[in-house]
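What TrEMBL says about this one:
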type	residues	note
TRANSMEM	A:32-55	transmembrane segment
TRANSMEM	A:308-329	transmembrane segment
TRANSMEM	A:350-378	transmembrane segment
TRANSMEM	A:398-420	transmembrane segment
TRANSMEM	A:427-446	transmembrane segment
TRANSMEM	A:488-509	transmembrane segment
């Protein structure tokens, strides 16, 4: 054997690391101008849509003939926008105490507006409620706990707007209720006869002041019906509703003086006449209380964060094209062979590609989404819009989740690119699996049922990361994809996409290993 | 790593076509080994199997004693040029070399070195898509040299080169071999390898037809025959036969002498004063030797070659 004398200059300095492959794939990506420009343009779509939306959304309210700033809903203890409107017959309570009453009856009226109806009919909406409440104060949005009967949902214990626990499914009439404070603990109980009590729920309320308001309340959300339209989807109609409850056996009956407060009542155009007032009458220990409105989170009537990010879909289309080209260009030119020469362990080359396209998209999309929200929110506010407040964590989930949604979609598209080796097939398949189901499910094209199944089974489920409003069982809203509600929680929907992406990469690597390049 | 390529008993079938049928040979360091055979003989497939791109149905291919896919920084062990057109056209030549360098942990400095070496110079920052075939071949060789590998495999590197380029590459390959590298160069034209390869692996129909030094191949093809035209046929035979030549009468005044070089024939005839009209040594060209070898194995099966 001839001895080799050739110099081995720097070749020996080379290390065998995945980091090298990452660097190589990054160099590949950044040195094709079409791809970098494509990705930047794809991500610029997000702020473009956001700004267009913000600049074209105006909101103003009339009071009589006057244009005024729209009223902003109060916020609850958790920072969420809330409805806090009910009739309250109350007295202060300092320290521990208990209130007991029997709801003798719950009735009400529903007003059908023109044009099809113009009449008032007796009846209650399902969530019409009457019961006992302990509330921090009389300001809207202040902390509270309440045990109540409802027209159709049995006995409930609710507190601080978002929390709801079910008691028995009893009909509202003739039910005994009890609400006790013991330090920071509030216990709601119910009874059929006023002697045998069962606890509905016990809640801890740390920030309750020493003196609170305790008493009887009645509220009734407006009636809403959802009717399917011919194309699927639904139309909601709303009708005004009032509820009237008769309370008897109210204890403490003698102690203190009862104050009546129409919490959250709005004033008419003249500025002093209450609009849709409630009322209460007392006869011995029997009270008849009429109220309307609701004590619950606001889920409609405001701008949602997801509306600002509607550019996500268009960005996704462009990101898909870039991600697919990133691999199929290599097949088209035969360059894949060189890639495999440089990394004969083929799965590593594809893994490096996936990490690069995923990270680049994630980083870029994160900048795009954060900037879009940051710039759009002030414009929307300037235009008089109310933005439904959401917690910082939810904001982070929407912004980060949207970026992650695009990043994992890019990885998914890359996997399909390896499987098909051709741009057209890979792009079309990605669209068919993500973009199309999302469009079908979130426009009025499909009824809610099939739309929800699409958003469970296809990778489009991952758009759940953009759901801005939680779904509250005790708030009647149209929880369809059309309204921005997803059948899966954000993490699960995102998980569906991740599973698809992992499957695509798995099949891609299998095919890559089992075939000649 | 030993600078060798060892191929042993490779078989591979593409559908109906048996592309490799027991291909076996060894490439040693320090010389340029020509890998020749007609189109479709299995040269490219063999190279792709050695590089782990294609999987053989049977047999082994080792580079420096290891299967290519087991190499850690493969481009620092083996440099290969398979298809000069395998480029992203919108990427500059320099960036093409740069990502390859990064994949092996090599620096941008090395990129500029090999580009300089291959005479790419100012064109290095142009898009590779605008390169002529000749420029792409140079870029491909530059890529093969990036990792300063002990083994080089070049598939048809002369394609598209101008005559000056061919000369330059020939010299360059010889100098690489002199540095102790194993250099395997495939070509379907034997003339391209003339004066470059010292060793030849001639293939046809997926098998090795000849695995020999170039000098021996030519000698074998020439077979040392000397043709003699003389009016004194009998005297010539009396002079040459005892001296060890095998003399065959092929015409009234023509003899063919085997086993003796022309110079010795002339000196013996002169010594014995035998008149002769012409002594001609028959020396085969590499081309002829190759044609002899491959005549039997040329196949015209369109589309089967890789």
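Placed from the backbone N, Cα and C atoms, the Cβ positions cover glycine too.
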- Query: Can you find at least 3 Cβ pairs under 8 Å between the transmembrane segment (A:427-446) and the transmembrane segment (A:308-329), where each pair is 6 or more residues apart in sequence?
  - Reply: yes
- In terms of Cβ proximity under 8 Å, which residues at least six beyond the ends of the transmembrane segment (A:398-420) contact it? 43, 46, 305-306, 309, 312, 315-316, 319-320, 322-328, 350, 353-354, 357-359, 361-363, 365-366, 368-370, 373, 390, 426-427, 429-430, 433-434, 459, 462-463, 465-466, 468, 490, 494, 497-498, 500-501, 503-505, 507-509, 511-512
- Could you tell me what the rest of the chain brings near the transmembrane segment (A:488-509), counting residues at least six beyond its ends with Cβ under 8 Å? 346-347, 350-351, 354, 397, 401, 404-405, 408-409, 411-412, 414-419, 433-434, 455-459, 461-465, 467
- Message: Checking distant contacts: for the transmembrane segment (A:308-329), what same-chain residues at least six beyond its ends satisfy Cβ-Cβ under 8 A?
- Response: 28-29, 32, 34-35, 38-39, 41-43, 45-50, 53-54, 335, 353, 357, 361, 365, 368-369, 372-373, 376-377, 380, 398, 402, 405-406, 409-411, 413-414, 416-418, 420-423, 426-427, 430-431, 434-435, 438-439, 463, 466
- Note on the structure: Per the Cβ filter (under 8 Å) with a sequence gap of at least 6 from its ends, the transmembrane segment (A:350-378) is approached by 18, 21-22, 24-26, 29, 39-40, 43-44, 46-47, 49-51, 53-54, 305, 308-309, 311, 315, 319, 322-323, 326-327, 343, 387, 395, 398-400, 402-404, 406-408, 410-411, 414-415, 418, 505, 508-509, 512
